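So the structure is just underneath, and the comments pick up after that.
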Amino acid sequence: MQRIFIRSLLVLLMASPALAQDIRYVRDTLYVQLRTEAGEGAGTVLSSLPSGTVLTVNGTTANGEWTEVVTGNNTRGWIASRFLMEEQPASMKVEAATTQAEQLTLENAELSVELEKLRTLLGDLPLEDDGGEGALEALMSEMAHLRQISGKSLELDADNRRLVEEVENLRAQGDMLTAENQRLQDNLASDAFINGALAVLLGVVITLVVPRLWPRRRRNDGWA
């Protein structure tokens, strides 16, 4: 018994330093210098770019160690090629995955609320001795009734649209008939004017021409 106690005490003494250690992590955020010229210490530093910054490649040096890039605000400079990668850094992927997980968690919570509402609805329905089948039938009947009402609403909406189209067609036909009637009236007025003018012209012709067609009578001279 004493040996077991001593061994346990030794284990605790050996583990206590490990438990008391101060654990830290290296930050994954990296800042890279954007320089005016290629090379370590060459030129001046334009800015420090954090990891995940999107850059447009404009060219590289002959040895490929430095790359000329353009930032989103059109700042042109040189950056060491070893700091560039074609894919997004892991930190950005983890952040996107975390955001997606939070969104899925929120959606699951909303679905849980809806499920609880459905369970409450099923609990409020009258149950029969068949182990809940009566509640399911009542729910299905209610859903069928709602579907029927929705179907009637859709039919009424379709009928309303059809009537509106028919009214528009009749209105267009009425406008067309009105325009045709106006055109016929204009034609009749024009024909009446022409006929009147022809009648007047015919009267003038008769007045001027007919007397010339009859020979003039010679006057009886009273002198022998």
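Along the chain as shown, the residues are counted starting at 1.
The backbone N, Cα and C atoms fix where each Cβ goes, and this holds for glycine too.
Positions annotated as coiled coil by TrEMBL: 94-121 (among others).
Per TrEMBL, the feature coiled coil maps to 153-187 (among others). Averaged across the coiled coil (153-187), pLDDT for the predicted model comes to 74.
Positions annotated as domain 'SH3b' by TrEMBL: 21-88.
Per TrEMBL, signal peptide is recorded for 1-20.
Taken from TrEMBL, the feature transmembrane segment applies to 192-210.
According to DSSP, the domain 'SH3b' (21-88) comprises 3 helix, 26 strand, 39 coil.
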